[in-house]
Amino acid sequence: MRLGVNIDHIATVREARKTYEPDPVKGAIIARDAGADQITFHLREDRRHIQDSDVEKLRAVITEIPLNMEMAATEEMKQIAIRIKPDRVTIVPEKREEITTEGGLDVVSMTDYLREFIKELKDNGINVATFVDPVEEQIKASMEVGADAVEIHTGEYANARSDKERDNEIFRIKKAAVYGRSLGLKVFAGHGLTYTNVQPVAEIEEIEELNIGHSIIANAIFLGLDEAVRKMKKLINEVRRKDIRV
């Protein structure tokens, strides 16, 4: 199983003072060298953390492992992606007032628009995933609009308050992952995953990649980023020994 390390919150700390450090690009290099299988970042429309200059630098230095750009389905972001050429674009919903992404993309309501949007990205050599809730209707629509993969939103699982709720959410995620694979899609997962809740998701064999950011960066304050990445990789590998490549 691959681990994508999201570096957004390194930039969040930097932007708290509108200064030059910590540098998310340096963080990406450390994460890569610690065993990250992918670097993920979200260039938001409001530029609250990652900046355009970061994106340019990330593309220049992250060449040995995939670079995954999370973005809203806007014309501005599409043109940036076509110019930068990340290895993958993950299309996410975005609201300016939200603290973090609050749910999955409603692909069903945007099929005509997304079909053309995704085609242009793929015509420029970029793989495309949609970030969706564990709902078969959204996964099927993702396949129909031409996505190569779905990333299943694990936020409801992460926010579950009881063992029963967590078990129910794991069942939903597992069912969605099986369905996605049956349609020929690659299946990833992420959002709200931590050192204490990651393993039940990592055990789902249909999921081949997890994207994790906040928990790793939060622990890096105390452990250092290198050790924080290695610790997460170790937890995943304890339940998933199979190494799946793009």
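The backbone N, Cα and C atoms fix where each Cβ goes, and this holds for glycine too.
The active site, proton acceptor annotation in Swiss-Prot covers H42 (among others). A strand conformation is recorded for H42 (active site, proton acceptor) in the three-state DSSP classification.
Within 10 Å of the C-beta of E70 (active site, proton acceptor) we count 27 further C-beta atoms, all protein chains included. The active site, proton acceptor annotation in Swiss-Prot covers E70 (among others), and the record cites sequence analysis as its basis.
Positions annotated as active site, proton donor by Swiss-Prot: H191. For H191 (active site, proton donor), other Cβ atoms within 10 Å of its Cβ number 26.
In the three-state DSSP scheme, H214 (3-amino-2-oxopropyl phosphate binding site) is classed as helix. Annotated 3-amino-2-oxopropyl phosphate binding site per Swiss-Prot: N6, R17, G192, G213, H214, in sequence order, evidence recorded as sequence analysis.
For D8 (1-deoxy-D-xylulose 5-phosphate binding site), the number of other Cβ atoms no farther than 10 Å from its own Cβ, over all displayed protein chains, is 22. Sequence annotations record features per position, and here Swiss-Prot assigns 1-deoxy-D-xylulose 5-phosphate binding site to D8, H9, R44, H49, T100 based on sequence analysis.
What Swiss-Prot lists as site 'Transition state stabilizer' is E151, and the listing cites sequence analysis. The Cβ of E151 (site 'Transition state stabilizer') has 32 neighbouring Cβ atoms from other residues within 10 Å, across all protein chains displayed.
Of all the binding-site residues listed here (G192, G213), the one with the fewest other CB atoms within 10 A of its own CB is G192. Inclusion criterion for the recorded positions E70, G213, H214: a C-alpha placed within 10 angstroms of the C-alpha of H191 (active site, proton donor); this criterion is met by G213, H214. G213 (3-amino-2-oxopropyl phosphate binding site) has none of the recorded positions R44, H49, E70, E151 nearby, counting only those with a Cα within 10 angstroms of its own Cα.
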